[in-house]
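K.L.:
First, the structure itself, so that you have it in front of you.
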Amino acid sequence: MAEPATATQAAAPVVALLKDELDIVIPTIRNLDFLEMWRPFFQPYHLIIVQDGDPSKTIKVPEGFDYELYNRNDINRILGPKASCISFKDSACRCFGYMVSKKKYIFTIDDDCFVAKDPSGKAINALEQHIKNLLSPSTPFFFNTLYDPFREGANFVRGYPFSLREGVPTAASHGLWLNIPDYDAPTQLVKPLERNTRYVDVVLTIPKGTLFPMCGMNLAFNRELIGPAMYFGLMGDGQPIGRYDDMWAGWCTKVICDHLGLGVKTGLPYIFHSKASNPFVNLRKEYKGIYWQEEIIPFFQQAVLPKDCTTVQKCYIELAKQVKEKLSKVDPYFDNLADAMVTWIEAWDELNPTGPVPNGKAA
């Protein structure tokens, strides 16, 4: 059975890559005791904590961490009427942290994710692996059967086109989980005791034209390349759906990355997911999404962005337009979601006035 690393195992000296270029975003409703385990890996970095739920509650953060904390009152104060695009009573609120960050890279993690161990028993520095994934190119246009050719000990195999070996910039790195898998409620209910103990030492680029179910609990991305697309939608309080926040962001992000010629990697690093959420509560949140996704996914598979969509913001506004045109017939929720997508971009540009990101390059 998989077990998390102990604090002693995680305490080896760490070289903090991109220390001044990366923020760690954590959504939470509780005290952040879990940071003690991550201290050797996270303490050199700046944390952005997005407090969900009751803003009058005090969230305790262990001493020694450099952080800023935002609650709902702060979100309302900073965004004004545009705060309506940020979800309440749902971990989707984490995307507010992406918006207020001023760093090039973001790593986001849930507060029930602990340090995992590799098969040798060594504590896994998830953040370091995400950074390695982001700093090396992706290969979305042609699949390499030895997976990521830029990892140590790997390369392009015979028959791989030399014209494509330079790769493209990596916009996102999607990590995985040992112990509690990221299952939907029906799967949780039929496999309540299932645990993931398989450590697969692989990183691969998700091919162009292929969607994937993005999980937000162990995720890193280049904020300058794809940040405005990482909107986690309208979920939670007052909404008919939950637990599809990261899925929505992943589908939007992948369509835009494919259009702009950017890459998305999945695989390593692993974290130890410590706690299974209640499947009956999850089913209440998910049931409409489980039904709707049979129309949502074909929508994204068929989505085409015009050539004049040369920035992430333009792409996202175009996607919002298509959501309103094609998904509103599924449920009026999507009409509201499309409006919120536009509001999100307006709020992003107000807080980040340096200009849009054309083709993955700063203006």
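Glycine is no exception: its Cβ is also placed from the backbone N, Cα and C atoms.
Bear in mind that TrEMBL entries carry predicted annotations, made automatically and left uncurated.
Per TrEMBL, site 'Required for activity' is recorded for Arg158, Arg165. Residues or ranges marked as N-linked glycosylation site by TrEMBL: Arg158.
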K.L.:
Counting Cβ neighbours within 10 Å across all chains shown, tell me which of the recorded sites Arg158, Arg165 comes out on top.
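P.N.:
Counting every other Cβ within 10 Å of each candidate, the maximum falls on Arg165.
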K.L.:
How many Å separate the Cα atoms of Arg165 (site 'Required for activity') and Arg158 (site 'Required for activity')?
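P.N.:
Cα-Cα distance, Arg165 (site 'Required for activity') to Arg158 (site 'Required for activity'): 12 Å.
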